[in-house]
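Structure first, commentary second.
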Amino acid sequence: MASLQPVRGTHDLLFEDMRRHHAVIERAKGIAGLYGFEEVITPIFEFTEVFTRTIGETSDIVSKEMYAFERSGDQLCLRPEGTAGVCRAFVSNGLQQQVPFKAFYAGPMFRYERPQKGRQRQFHQIGVELIGADTPKADVEVLVLASHILDALGLKGQVTLELNTLGDTASRAAYRDRLVEFLTPYRNDLSDDSKVRLDKNPLRILDSKDEGDRRLIAEAPKMEESLNAESRAFFETVQAGLTAHGISYVVNPKLVRGLDYYCHTAFEFVTTALGAQGTVLAGGRYDGLIEAMGGPSTPGVGWAGGIERLALLLADVPGKARPIAVIPMGDAAEGEADAITGRLRRAGYAVDLAYSGNMKKRMKRANTVNARVAVILGEDELKQGAAAVRDLDSGEQVLVPLAALETDLARFR
RNA sequence: GCGGGUGUAGCUCAGUUGGUUAGAGCAUCUGGUUGUGGUCCAGAGGGUCGUCGGUUCGAAUCCGAUCACUCGCCCCA
């Protein structure tokens, strides 16, 4: 029994879960298409270097969460996120000539973490990448698209957009230095977690939940003060763009993305409905990423959303199609039932035809599969070249000539 | 990786201070109804009580370990 359990942190997607999952992907893909984003699928495993060179050796994702393995001397790993793979594909396929490149993707990601609600070891993301545009208009477009998709999923009012800027590379580096300089004398006052952060990723200390850390941070220099004029103007343009689109947001100066390659715009759509996993969709600008992985210096901006988290919040769950139940009575009617079933399916109707059973059993089955209507083929009906069409909701039953069946059933569509 | 909670039928849950063959509702199956589903009635199947070990005359119940789920931390979608 234990060996027939799914691997920890993995889940089967069945029935309603699958319908929710699928609805998130299809709606997102459809809307992304309106903005010119075309779907791409990249491999779910890559050379490990694709991630270590972009996400950052010291990040938790690379240092402890990757599913890495070796095969024939190649160092490979299951992708922990989507951006690096799409950027690799951009370079591999020589798309520098076709910028801006707009990609939408959906698929599984893998991180070796302790599972929780809304957090799994194999999880799924939708995401978009807009590569080759350095204008803040691109940031705005990608944010408007995200907001549009969240609205379509019925999450309006349930999520808040938090926004921040990390500034350009120079501003970010300057701020990082100032922060480290300020905090280092207080190293021993920091929480244990933050002592580590001070060396690995000092900006994350801004995000700490520890009370002592928060008091120190309140006194620390602000990111805003380290922004150069260009970075400041960039951020202002992004904010003006959002306002022009009627998208509300809050600036959160402590918002820091975990991955190293972000600059300028950083954002998260958050909810309070999922416990500790409040982030439902997040992203930002990553101008240095493609160069870091060995490609030509190319700007980019994008985001990823957790499908499981979005599916948990999905407002309207799509139902399963209600089929037509075809019910033959007696061996003579079996052949006719097969033929009618085939015809109706090719005409686009969902049809359920039981493999065996007397009429009562088949009627019961019609009920359990939530059939909308039953097409009953009995001796009496067939003699007249007709079928009994029974509305299973109202119980009303009429005789319909076989030739008129397809058109008559249209009233149940 | 660290800390808290929970594991009894497919699902949701009872199960007394440790005491015979471990229960209910829902679901499933059969029959009442051989040409009519839902409702109703009668009946049936389904459990190594997460797993392993310990205490005891006796363990679903007490103890330990382990696994899984879950909540929080870390981190993140």
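Just so it is clear, glycine is given a Cβ too, placed from its N, Cα and C backbone atoms.
TrEMBL does not curate its annotations; it predicts them automatically.
According to TrEMBL, the L-histidine binding site annotation covers A:Glu81, A:Gly82, A:Thr83, A:Arg111, A:Gln125, A:Glu129, A:Arg257, A:Tyr261, A:Tyr262. Annotation for A:Thr83 (L-histidine binding site): spatial neighbours A:Thr54, A:Gly127, A:Glu129, A:Tyr286, A:Leu289, A:Gly300, A:Gly302, A:Ala304, criterion Cβ-Cβ under 8 Å with sequence separation of six or more. Taken residue by residue with DSSP, A:Thr83 (L-histidine binding site) is part of a helix.
For A:36-323, the entry in TrEMBL reads domain 'Aminoacyl-transfer RNA synthetases class-II family profile'.
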(request) Around the Cβ of A:Arg257 (L-histidine binding site), how many other Cβ atoms lie within 10 Å? Please give the count over every shown protein chain. (result) 22
(request) Please find, for A:Glu81, A:Gly82, A:Thr83, A:Arg111, A:Gln125, A:Glu129, A:Arg257, A:Tyr261, A:Tyr262 as listed binding L-histidine, the greatest distance between any two Cα atoms, in Å. (result) 21
(message) Please give me the CB contact count at 10 A for A:Gln125 (L-histidine binding site), counting all chains in the structure.
(response) 22
